Amino acid sequence: MQAIADSFSVPNRLVKELQYDNEQNLESDFVTGASQFQRLAPSLTVPPIASPQQFLRAHTDDSRNPDCKIKIAHGTTTLAFRFQGGIIVAVDSRATAGNWVASQTVKKVIEINPFLLGTMAGGAADCQFWETWLGSQCRLHELREKERISVAAASKILSNLVYQYKGAGLSMGTMICGYTRKEGPTIYYVDSDGTRLKGDIFCVGSGQTFAYGVLDSNYKWDLSVEDALYLGKRSILAAAHRDAYSGGSVNLYHVTEDGWIYHGNHDVGELFWKVKEEEGSFNNVIG
């Protein structure tokens, strides 16, 4: 088992480097080639063209070319925020490909391990591939070190890996959410350019503007667990109501020191009428 872990996991030295605050030096080593991170990523063949990103955009960008043959599944609303009771993660479940709804039941939360969650926004395939691969690295780290990987280290591995394919046309905006005793509740935003940001509140996707409106108006650090769960649902509902690319249902998670808890799947249609009756909101809709 140890030999298998050694073959496929991040070297001990690198993981320990990640868990300290020398991230600037680590990033510099990665760019110059001194870091062993460049040997971690799966080998993917890049098309032999000058700019894969521009080529992909020319053949898949529906807004500029409605007749394009390749319609990538995109459009979503995902959010995560910290509060005194941990982290709330809420996502919708609609996937669109061009102007049609490809699915209403997409699972946009990747359960990396019992303490770590990743969200999906952008290209579904990119998010699923990279976050699933990250999960295998987190598990191999546990086998080697006999302890869970930190949220900072997991997000750093992901950002460094996707940075190698910057400009290759990847489409990914994810939040890595977890809880460790050393870090507490922690959220990192990572995108396909290698951007990595730590924060308290993130909304990602085509419906993020509408979700932020509700979230910013009602967010407080000292929210109760019940109020925080409701705020997560309500924010996604606002996005699903106004954004054509968001909808379906709301999947809700609560991340605590003891791990994440799934709080169910809530149909947007049923939730809408319930909220309308309780709040007296959505007065533009008559039912």
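Start at 1 and count along the chain as shown; that gives each residue its number.
From the backbone N, Cα and C atoms, a Cβ is placed for every residue, glycine too.
Residues or ranges marked as active site, nucleophile in Swiss-Prot: THR76. The annotation bortezomib binding site is assigned in Swiss-Prot to ALA124.
Ranking the recorded positions THR76, ALA124 by how many Cβ atoms sit within 10 Å of each one's Cβ puts THR76 at the top.
Cα of the residue listed as 'active site, nucleophile' to Cα of ALA124 (bortezomib binding site): a distance of 10 Å.
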